[in-house]
Amino acid sequence: MTSAERWGMMEWVITACAVIFVCAFSLSALTTKPRIGVDESITIDIAHHIAEKGVLNISTAPGVYPSRPYTIAATGYAVTYPLAWFFNVFGFGFVQARIYMLCWIAIFLASVLYVVDELFGKYAALFALMFMVTFATFYDIGRTAMGELPGFIFFLWGTHVLARARAGFYFRAKQNSYLLAGLLIGLAVATKPSLYLSLVVVVVIYFLTERRVIALRSMMLVALGAALPLFVWVYSIFPYFWQVATWREAYGFLANPFGRPLLVNMWYSLRVLPQSSTIWYFAVIAVCVAWMFVHNKGRELSNEAHAFVKIALLYSVFGLFYFLRSPGWFRYLFAMELMLLILWYPAFCHLVRSLKNRLPKQKHIGKHVVLGIAAFMVVGQLAQLLFFSAILESPAPQEVSAYVLERLGDTKTVGVIDNQQIAALMPIDRRYQQFWWTGVGLVGKNPLAYDRAELPDYLVFEKRTQDEFVLPYQDVLDQYYTQDTLIFRTYYVFKKK
């Protein structure tokens with residue numbers, strides 16, 4: 001494999017077309033496809049609180065905050081604090097949050113091009129770019145204001161720096177490279193702990209299998225580099241982090257944040273796994289990548305590229321395991337999928353060369369075959385993205401919120417029941433809410449449970465929440481509220497009599 005190669009006009013034209021496609025596809029349905037989800041609205045709400053109140057938490061009533069923010073803040077400070085600054089500069093809303101994520105996407109695409117070009121050459125970089133911009137999950141998860149994509153950027157750069165640290169690529173003093181790698185990997189973990197916490201184990205295994213005397217010293221330097229971003233993460237979301245009780249509670253939550261027994265989750269995930277065509281697609285890619293790593297006898301991969309592939313494969317194993325622990329949530333495979341797509345082209349080139357050497361009668365298999373199959377995969381992904389993707393689309397939270405905000409004016413209050421997407425857009429100082437959070441249970445006080453004088457002026461809830469949240473307070477609703485409207489035949493808006 002080659003290091004960075006000279007780029008010509010064709011390569012830059014392809015890159016420009018890919019970027020234009022990403023912008024056009026993303027801006028065509030900026031806030032409605034993918035729809036604003038609960039996790040994303042939590043991140044947006046936290047950033048809004050940072051911007052207005054300087055608090056990394058979300059209020060359930062004016063001045064009232066959950067006591068354990070680490071159970072809610074699934075996305076770290078590397079995303080929420082810059083987003084808060086973005087809100088301060090450009091205003092608050094879902095549009096601003098999605099535009100902010102387009103900035104992260106631009107950084108991601110540039111990072112992929114640079115890192116892959118350095119390690120595997122320009123053709124691998126171009127195909128990695130095309131695989132990304134035609135991958136439906138990239139838009140479904142990467143465009144949402146959460147930590148998966150920003151965390152992957154830190155993961156990608158951390159892996160790249162770590163792989164090249166031995167050669168002193170970035171600094172003459174190798175220890176500085178290891179410190180930088182640790183800093184980047186620590187940022188990845190702090191940005192999306194649920195997705196990248198396994199990097200801690202991956203790095204340890206990587207060094208333990210290096211068979212070098214200096215491996216332990218290098219590992220300690222990486223740990224030292226990671227300590228700062230991880231400490232900032234702990235300080236930002238763990239109240240009273242110096243107390244043993246805090247860590248006991250945190251461990252109880254982080255060990256199983258899904259609210260169901262792990263064996264039940266694993267049994268369900270194992271049943272779901274073979275039914276997904278995406279899993280089979282990436283299983284084939286993973287086999288190609290593993291083949292490239294194991295059959296590197298001709299040293300076709302540079303030491304740096306081989307180390308990069310090693311870390312990627314180790315992470316993929318742990319990423320798959322974490323998916324199995326979840327209730328079948330495929331978003332936990334996101335980073336693994338991106339890394340495998342990055343490595344597919346060099347892996348397939350390596351596989352074809354191996355076949356040519358092992359099958360003398362197949363000498364006609366050449367670069368044009370590799371390019372043809374890679375192009376076919378790009379076209380297939382593009383067709384799936386445009387016509388068959390399951391990216392959920394909905395304008396409901398924005399339209400319901402706009403309707404309610406118009407009626408609130410500058411003084412009225414609102415209660416939102418189990419709908420964080422709508423609650424996130426309501427004024428912080430005039431909002432009451434209660435919602436269900438996986439692994440935690442009910443968060444906040446039901447807006448209907450307050451005394452008459454404190455009941456909010458408006459009430460918003462969905463039909464699906466009536467039995468659990470509204471029915472126990474039906475007498476309060478009947479006595480003090482009248483129905484204002486029903487939006488999309490799903491969202492009730494009540495106003496105080």
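Counting begins at 1 with the first residue displayed.
For all residues, glycine too, the Cβ spot is worked out from N, Cα and C.
Database features, via TrEMBL:
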type: TRANSMEM; residues: 12-31; note: transmembrane segment
type: TRANSMEM; residues: 70-92; note: transmembrane segment
type: DOMAIN; residues: 80-232; note: domain 'Glycosyltransferase RgtA/B/C/D-like'
type: TRANSMEM; residues: 99-116; note: transmembrane segment
type: TRANSMEM; residues: 122-139; note: transmembrane segment
type: TRANSMEM; residues: 151-171; note: transmembrane segment
type: TRANSMEM; residues: 177-208; note: transmembrane segment
type: TRANSMEM; residues: 220-242; note: transmembrane segment
type: TRANSMEM; residues: 278-295; note: transmembrane segment
type: TRANSMEM; residues: 307-324; note: transmembrane segment
type: TRANSMEM; residues: 330-348; note: transmembrane segment
type: TRANSMEM; residues: 369-392; note: transmembrane segment
Within-chain partners of the transmembrane segment (278-295) [C-beta distance under 8 Å, separation at least 6 from its ends]: 137, 301, 306, 309-310, 312-313, 316, 330, 333, 336-337, 340-341, 343-344, 346-348, 350-351, 354
Residue numbers, six or more beyond the limits of the transmembrane segment (330-348), whose CB comes under 8 Å of its CB atoms: 1, 112, 116, 120-121, 123-124, 127-128, 131-132, 135, 137-138, 141-142, 148, 151-152, 155-156, 194-196, 276, 278, 282, 285-286, 288-289, 291-292, 301, 305, 309, 312, 315-316, 319-320, 322-323, 370, 373-374, 377
Mean predicted confidence [pLDDT] for the domain 'Glycosyltransferase RgtA/B/C/D-like' (80-232): 92
